[in-house]
């Protein structure tokens with residue numbers, strides 16, 4: 001009561017207010033006078049409860065466990081951590097950050113602070129780490145902020161080679177037979193209708209199976225148990241209803257269950273269950289679309305209308321009066337009321353916050369339509385709001401500076417590197433145009449080009465490291481938005497060396513020479529071969545070697561420094577010009593080499609430089625395979641002296657042999673016991689005894705003389721003609737033999753008969769043959785020895801072949817090759 005007698009109503013809080021339990025109150029105020037009848041009026045007082053940060057974020061579960069295939073590419077999503085905060089506004093905005101996490105976790109994984117998505121940042125190798133365990137904190141933006149934490153266990157999975165198996169079995173009172181389950185349409189949501197058992201024969205991560213329901217069906221899978229002792233490769237799920245069933249809408253559902261293991265690559269299998277809906281008498285409100293997709297631009301004004309949803313009901317009256325409300329999707333704890341609102345009568349959906357497509361491009365929530373029947377029936381639809389893009393982001397390169405290394409001599413128009421640029425916008429706003437911007441010195445002008453689709457940089461020329469070792473230029477990216485936005489990055493290109501240059505000998509020149517005194521000591525430095533290589537590194541590491549012109553091994557070269565030293569003692573034969581063939585090799589692959597000539601003139605002094613220069617000039621036209629080393633006349637004079645000594649020694653040996661033979665025969669002719677004609681010195685066992693008596697010779701009718709007495713001193717010499725025939729007489733043989741002028745006929749002229757053909761002797765007298773190929777035939781070393789009249793011998797003096805076999809008409813005797821005695825005929 002006021003002082004002036006009026007009443008002033010005051011609203012007093014009598015109990016604790018909790019916005020999360022109830023965010024508004026509607027009170028009816030009624031004022032009534034004291035008249036009769038009393039009159040009154042009323043008004044509605046609406047009280048809105050504002051929020052304070054009195055609730056901490058809460059994760060869906062305290063431990064998140066996921067499997068990740070090793071070597072997953074960067075950017076691969078792993079899992080999404082979800083936390084809810086019952087507060088609204090800033091107090092209900094949640095950001096996700098790493099809690100207790102090692103440096104390895106922060107290096108390998110990426111956590112999106114807004115969406116809670118955990119993804120791969122760098123490739124993970126299971127052989128290095130097979131499990132990552134860390135905590136993630138959910139923190140609201142209130143003052144002071146409140147937090148909650150959850151543990152994440154990430155198991156690295158091995159390769160996979162077995163397909164999961166799915167077994168569907170009956171559960172409870174729901175009949176299931178031959179793959180068909182019968183379910184009444186008034187069954188409650190989240191009612192289990194079947195047991196699904198999934199197993200995989202693989203071990204470890206390859207056996208961890210994820211089971212889902214495919215398609216737009218009102219069924220979902222839930223784990224049968226959360227026991228930690230359950231094997232990872234054997235799991236049980238209950239197949240639940242996720243929405244009310246309507247016989248009038250859909251009578252049969254083909255529920256396809258897909259099981260996917262966590263292998264890499266993943267393997268999957270599927271099984272199906274036919275669900276037949278039993279009919280009851282109900283007609284809930286119906287939407288024309290199960291999913292309503294709406295495109296709405298970002299950077300909007302709060303309170304703008306997004307869409308209008310309309311549902312119909314086949315019933316009438318109260319049962320057909322519909323009210324709309326917003327609800328979260330099944331398995332989602334997100335409350336759409338913090339961002340969107342709906343008019344309960346018209347179905348107009350409005351947005352209450354400013355949307356940012358780069359933060360979130362899709363919103364999904366459920367609109368439920370309920371009739372006013374008893375019991376109340378309802379229908380729902382899913383609203384998908386896709387936030388359309390505006391050009392509010394600039395292109396962004398992955399790096400400010402890109403560094404590439406390429407080999408020289410690369411073919412023109414070859415790729416030399418690739419830059420990565422992205423734009424968080426979408427559509428034309430994210431269509432990028434790349435171009436090369438010349439550097440400070442215009443290095444890239446006309447040399448490089450870039451492919452717009454891939455960001456690959458190409459070179460239009462072949463690089464030569466010896467000409468230029470590096471290039472620096474900028475790459476510019478411009479998007480296609482209005483107005484366009486752009487960004488630039490720096491590209492540094494370094495040319496790597498290849499072994500494309502052979503060593504170059506700078507000293508000495510091929511036409512120069514060095515004078516070396518013969519008195520030089522060993523290890524005396526003769527000269528130093530200096531070479532350079534335009535390459536670098538191993539390609540410029542030079543090795544020196546002498547490959548020719550060092551037959552006496554007098555010189556040696558240091559492989560590293562090229563210093564040529566004297567390692568042998570100099571002798572007179574070494575005087576003169578030496579041409580050393582030096583080869584310089586680098587250490588590249590394949591190696592390059594250069595050959596140089598080092599002329600060394602060994603002499604006390606340089607008295608006539610013109611002669612040496614002429615020798616060097618001839619050396620330049622002499623093949624490298626031919627050695628030029630020392631005085632060539634020195635060995636030639638030694639060879640000539642050796643030949644003269646050999647000839648003189650041979651002549652003396654021949655003369656000595658002749659003297660020995662002459663003395664031996666002279667001594668034999670002076671002996672008492674010479675051979676007597678017709679007397680046998682031993683019995684001949686090989687030839688039959690003959691007792692023919694000698695007769696006097698008689699003249700024949702033609703006036704020829706008869707046979708000479710057998711006691712005539714004649715030696716028969718038989719020989720063969722070159723064609724293999726026998727000579728008829730000694731005279732014929734001697735006349736045919738060249739150089740045989742000293743041979744003469746004994747006891748007979750040209751007409752003397754061949755008495756040896758008629759002579760029968762019992763003594764083993766060998767026949768002497770003269771062959772044309774005999775070393776003594778036709779040569780000057782021939783002699784005739786005049787024996788006493790009782791024994792006359794005619795033959796060659798050098799070498800008489802007495803080791804050959806000869807057969808006459810009367811005897812066949814093999815003369816010993818070791819016997820050098822020739823007997824005369826008796």
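Cβ coordinates come from backbone N, Cα and C, glycine included.
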Per TrEMBL record, range annotated transmembrane segment [choices 617-640, 641-664, 665-688]: 641-664
Per-state residue totals over the domain 'Cadherin' (60-166) - DSSP helix, strand, coil: 10 helix, 48 strand, 49 coil
Taken over the domain 'Cadherin' (2-59), the model's mean pLDDT: 89
Stretch contact, the domain 'Cadherin' (288-397) with the domain 'Cadherin' (508-612), Cβ-Cβ under 8 Å, 3+ pairs: no
DSSP residue counts for the domain 'Cadherin' (398-505), split into helix, strand and coil: 4 helix, 50 strand, 54 coil
Secondary structure composition of the domain 'Cadherin' (2-59) [DSSP: H/G/I, E/B, coil]: 0 helix, 20 strand, 38 coil
